[in-house]
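Colleague: Dropping the structure in here first, questions after.
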Amino acid sequence: MADPGAESEPLLSRARGGSGRDCPGGSAACRSVRDGPGAVSRRELCFDQAAVFIEDALQYRSINHRMDARSMWLYRLYYSNACQWILSFTIFLILFLAFIENPSSLTSTADVRYRSAPWNPPCGLTESVEVLCLLVFVADVSVKSYLVGWAQFRTNLWLLAYLAVLVVSLMDWIVSLSLVCQEPLRVRRLFRPFFLMQNSSMMKKTLKCVRSSLPEMASVMLLLALHLCVFTVFGMLLFTGEKQGDGQDRERLMYFRNLPEALTSLLVLLTTANNPDVMTPAYSKNRAYAIFFIVFTLIGSLFLMNLLTAIIYNRFRGYLMKSFQTSLFRRRLGARAAYEVLSSVTAVGQAHPQEVGVKPQDFLQVLQKVQLDSFHKQAVMEKVRSYGGDLLSADEFQKLFNEFDKRVIKEPPPRPEYLSPFLQRAQFLFSHRYFDYLGNFIALGNLVSISVFLVVDADVLPEDRDDFVLGILNCVFILYYLLELLLKVFALGLPGYLAYSSNAFDGLLTIILLVLEISTLAVYRFPHPGWKPEVLGLLSLWDMARLVNVLIVFRFLRIIPSMKLMAVVASTILDLIRNMRAFGGILVVVYYVFAIMGISLFRGVIVAPPGNGSLAPDNNSAPCGSFEQLEYWANNFDDFAAALITLWNVMVVNNWQVFLDAYRRYSGPWSKIYFVSWWLVSSVIWVNLFLALILENFLHKWDRRSHLQSLAGDPDTTYQMSVELLFRDVLEEPAEEELMEKLSHHPHLQLCR
């Protein structure tokens, strides 16, 4: 282990001739590795530093952290799988508390007419769990602050905000206990999503891009507001004259009764949620009134709203490439830092210090310290050995990291070897892809037969059905699936059969179907004319077998890779799923914040109607299309789960005018500000952002699908390129001067050249 003061000395120092700033001849760091008493410990220190830099490069992390031995031990412990799992679980736990703390969501229904009194935990129960989570976050911010150093901590806004949120949360927690959990508002609940955001660099980048897009979006929002105001005034003048017909009266009383109602009606029409309802009364009186609503919709919905989508797409166009560009720079910077450390060790031990490079054996020794799976380690080792015993140059060292970009595909186990020519031909036949095609065709027939009988028996009472034919077909299909399983095991061997996930899924389905079929025959006997398996409990064995049969449709997913156009679409969806964690996290944050705000504003405002808990059949007092007539009683903010569902229904914007009207009547006209704000954040900003990312990802993959195939090489190779390589051909490689300039300003390293 190095002495505590090792960090203050130049860690990357070495004498070089004719290149920049040379190390002084008497520098302790320059000669200590060669002949100092701590030569071995300093060599181990350099190897540990190189291992940490390589891990930073592999995980696209910043290298601006302390590099002494004690700090590196803490750094690697912090980023270990166990510590990161604990941190992620703590974030999940503190967010999940909203479901069980007062008001809890532990009821079978959210409908205020039928909901029983929920169980609310005693004071101190959830608060104890919460303070444990907060203490974990205190430890997290403490470790992060120590590792980056005080100088960087003071300039890091996220860490400062992290500390401020923890202080406010702990103070609010103390207030809750002092008031015996009877406080009217828990401020700390609004800050909980911050713990999710600060733990994701991609979410931080997304928020930064949203913030930079706000000025342009605000300009379109201003146009939308002006558009609404102009047409609202025009509509009020048009439908509130002194002499009115029946159509104008209905239009005025329903949608243009006053200025706020008219503005709300046109705002909802902007989303086309109440079209053509808002137009029908006036249009029924005079067809010329349709011009007003058509012009409003053309300008607002088809022009301004799509213009907003275009602005968001233009702002986020290239967002993935920019993100990958930053990741590539971090990858190259970490690799270059590791190279500088190892080459400094090599230079001190060389007879000619001018010779710059990394000894392959040194790199292999460092690689053993890196937290990496054995498959990638073996691949990199083979690549290093291919260079021979010569020193690795900077370019060769960087190219080694391309091996980490490849996703390892395990080679399937060897197939059984049969001596008989007949068995060999049978093995070839049953392992051929055409045999899979036959299985897909049989599965299609199974699915079609089930669908046909469902349609035929839809209007037949259960006691009048005859399931004889379907029972026979079901036995035949299951026997084929069993035969297919046995033949594939014969051709591939059991390890080879299970090596393919599609085969494992088919085999599991076949076993489940076989067990259900044997149980069905044991209970109901073999199918015969008039055979009707009765329902025992919720589902009969026969119904269970038919439900499992439907899962056979997933067998057709195997045809996707063989169809190029479908493969591009499917791979785009998979890439989005893998890269949408940050944007999904943003949606979780806004849902959480608005749900907590909704509980604080609207909890208890929706009250169950008097009487038997529901509208009686002869009760026609509720207007058609109203909250009460549609029985939307479950859409409330009485607990966290109900608030989430209510926000989802508003985000979809179908019938969201019902929510606007109901909460205006139950809580006041200012409730519209809350719902309109949620519509802007969720439906306008986030949905358009999601659309922009889909377009960006799909267009790049569509244009570069041939290039991706050239990168992947032979389809039978043992490696498969990762998602980052999709944009590698359009990314700009950082220059060596840029990397060295960045390294020279490292707060905890000093380059002496």
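Cβ coordinates come from backbone N, Cα and C, glycine included.
So TrEMBL says this about it:
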type: DOMAIN; residues: 92-316; note: domain 'Ion transport'
type: DOMAIN; residues: 433-698; note: domain 'Ion transport'
type: REGION; residues: 1-27; note: region 'Disordered'
type: TRANSMEM; residues: 77-100; note: transmembrane segment
type: TRANSMEM; residues: 159-180; note: transmembrane segment
type: TRANSMEM; residues: 217-239; note: transmembrane segment
type: TRANSMEM; residues: 288-313; note: transmembrane segment
type: TRANSMEM; residues: 434-456; note: transmembrane segment
type: TRANSMEM; residues: 468-492; note: transmembrane segment
type: TRANSMEM; residues: 504-524; note: transmembrane segment
type: TRANSMEM; residues: 544-561; note: transmembrane segment
type: TRANSMEM; residues: 582-602; note: transmembrane segment
type: TRANSMEM; residues: 673-695; note: transmembrane segment
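Could you place these features in context, so I can see how deep they sit and what lies close by?
Modeller: Looking just at the domain 'Ion transport' (433-698), the mean pLDDT is 79.
For the transmembrane segment (77-100), the residues of the chain that approach it from at least six positions outside its boundaries are 55, 59, 61, 106, 121, 126, 129-130, 133-134, 136-137, 140, 143-144, 147, 189, 192-193, 195-196, 199, 371, 588, 592, 595-596, 639-641, judged by C-beta separation under 8 angstroms.
Same-chain residues lying 6+ beyond the ends of the transmembrane segment (217-239) with a Cβ under 8 Å from its Cβ atoms: 248, 251-252, 255-256, 259, 262-263, 266-267, 270, 282, 289, 292, 296, 299-300, 304-305, 307-308, 311-312, 680, 685.
Nonlocal intrachain contacts for the transmembrane segment (288-313), taken as residues 6+ away from its ends with a CB within less than 8 angstroms of a stretch CB, comprise 213, 216-217, 220-221, 223-224, 227-228, 231, 234-235, 238, 247, 251, 266, 269-272, 275-276, 278-279, 282, 684-685, 688-689, 691-692, 695-696.
Long-range Cβ contacts of the transmembrane segment (582-602) within its own chain (Cβ-Cβ under 8 Å, at least 6 residues beyond either end) map to 95, 98, 103, 185, 189-190, 192-193, 196-197, 200, 202-203, 205-207, 210, 636-640, 643-644, 646-647, 663, 666-667, 671, 674, 678, 681-682, 686, 689-690, 693.
Residues 210, 217, 221, 267, 271, 305, 308-309, 312-313, 315-317, 319-320, 572, 576, 580, 583, 586-587, 590, 594, 597-598, 601-602, 647, 650-651, 653, 656, 659-660, 663 of the same chain lie 6+ residues outside the transmembrane segment (673-695) yet bring a C-beta within less than 8 angstroms of a C-beta in it.
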Colleague: Residue list, the transmembrane segment (159-180) vs rest of chain: Cβ under 8 Å, 6 or more residues beyond ends.
Modeller: 123-124, 127, 130-131, 134, 137-138, 141, 144-145, 148, 153, 186-188, 191, 194-195, 198
